[in-house]
């Protein structure tokens, strides 16, 4: 019995040694708790690495558990066969090994601690690898940025700091081949940059005139302007504003329509057009009847509302002259150049179809569009006539109307976006011809207006040109020729007109005129001036005033002497006086209007004004000669009388 129990104890003890050996030879992997005790890496890149390691550890744990179960079965079989004392000594030795740890165990720690240390070292290595990769990426990025900076600095060094104008040889080479548009554009920008700050950016030995001439040539070749027009624009505007203006001419202005208040309201019209698929907005704060159209699913000039006369296709700049005219009800108004009727119908709507409007148009083919628009818009107070505007004072009579609107024919340099042929078709001679016609028309318009009108007496002059000879020069001419003055146009926006340009000096009140530009106001280039007639008298021409005043001063100084000399010439006073009697009656007869055959034959081919000046000079010479002869006779008479006594 004791032996049996002893064998059982030995069998029980024999089960443990294989497990201990297994653990020593193959240490168990770190448990899941050890894995969880370690903090996960902070970066997302480490997450995938830790997950993969966890899966590997789980698989190894399952395989090791299967091996441990197999070894435990083998240990049971061996425990039943081994009963020797040697085995007991070995078992006792094994138990001592289990109970008393070695120095290595104290220094190295337990197997679990070793597993945790291994996992920590792996995670640290992963962190170090990721940090190295991120550092490498950052270094590569910094290197690329540095390379880009170095390349930029190299390009800057290759380009000269100062802009250099092309030489004659380079210009000849450019002229021989097709135009290089990118090079032209770059050169234009550089020239504009230098001219905008020429004092600081001026190259040594180069004059401003050379830059300006090169800018004219480049703009003309790049945008297609002729030499005259681009030269005038360069003189009128500074370089930066000039580029904005030219670029604005290359774009189309937005389409605008004007509501006909004789038939509808703007709100109702907008609702109807929106339902038809028209995208629109109110034009601006300064207009109560205008609408701007962005796009439309239907033709905007063929809708039922257009055919019914609810609105008129009209540019925004054409609203301005009528707004400046500000006609009132029951007035007599003349539109001297009315076709196609946009401004005339606007005047009629402001007057609410009262009073009388004379819509004049000189060109017969344009009368059809004028009358058609008047009928379509429901205008009933307008009379259409076909006269030359310069003859209207003879037709209607001078001082016969309250207000006159003169939208004068012009060169059209403000509407280049609509008609690009203006770039090359207009010359200095054309501008001069238009200016002469405009001066005659504005004088006729002033003569039509009655200065004593209770409500009116105003003239509005407008053009779709930005040329100074067609605008400020014409108004300055009218101020000298007629008794008129400039008054504010009543428009809250727009730039003031020129009071000086190069060698020209205009009246200071021309700052009351208004100019409109496409690059500033997003409408066609336009000019508007409003004149008030002060009296119905006309001024003499400025060129004749100095001559006339000088002659009048001479005549007034000698007036008394002339009267005396004429009286004395009537009396006989000797032989010399008899000779002068034959000369003096000629001037007398001429002054009285009597005919003289000899005088006619001498001055038959002379012109009127020159003839008059010649008469005055002859008359003065004759009077002076008569005086001298009289003095001689008196001296001789005085010398003879003392001798007689």
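Placement of Cβ uses the backbone N, Cα and C atoms for every residue, glycine included.
Curation plays no part in TrEMBL annotations; they are all automatic predictions.
TrEMBL lists 1-164 (among others) with the feature region 'Disordered'.
Per TrEMBL, compositional bias 'Basic residues' is recorded for 1-12 (among others).
For 33-47 (among others), the entry in TrEMBL reads compositional bias 'Basic residues'.
Residues or ranges marked as compositional bias 'Basic and acidic residues' by TrEMBL: 48-57 (among others).
Annotation comment: TrEMBL describes 58-106 (among others) as compositional bias 'Acidic residues'.
Taken from TrEMBL, the feature compositional bias 'Acidic residues' covers 121-130 (among others).
Marked as compositional bias 'Basic and acidic residues' by TrEMBL: 131-164 (among others).
Sequence annotations record features per position, and here TrEMBL assigns domain 'SAM-dependent MTase RsmB/NOP-type' to 245-534.
Feature annotation from TrEMBL assigns S-adenosyl-L-methionine binding site to 337, 338, 339, 340, 341, 342, 343, 361, 388, 407.
Per TrEMBL, active site, nucleophile is recorded for 464.
TrEMBL lists 537-645 (among others) with the feature region 'Disordered'.
For 537-551 (among others), the entry in TrEMBL reads compositional bias 'Basic and acidic residues'.
According to TrEMBL, the compositional bias 'Basic and acidic residues' annotation covers 625-645 (among others).
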Sparsest-packed among the recorded positions, when each Cβ's other Cβ atoms within 10 Å are tallied, from 337, 339, 464: 337
Spatial neighbours, same chain, of residue 388 (S-adenosyl-L-methionine binding site) - Cβ under 8 Å, 6+ residues apart: 362
Rounded to the nearest Å - Cα separation of residue 337 (S-adenosyl-L-methionine binding site) and residue 464 (active site, nucleophile): 13
Which same-chain residues, if any, lie at least 6 apart from residue 341 (S-adenosyl-L-methionine binding site) yet have Cβ under 8 Å of it: 359, 369, 370, 372, 373, 374, 377
Cα-Cα distance, maximum over 337, 338, 339, 340, 341, 342, 343, 361, 388, 407, record's S-adenosyl-L-methionine binders, Å: 20
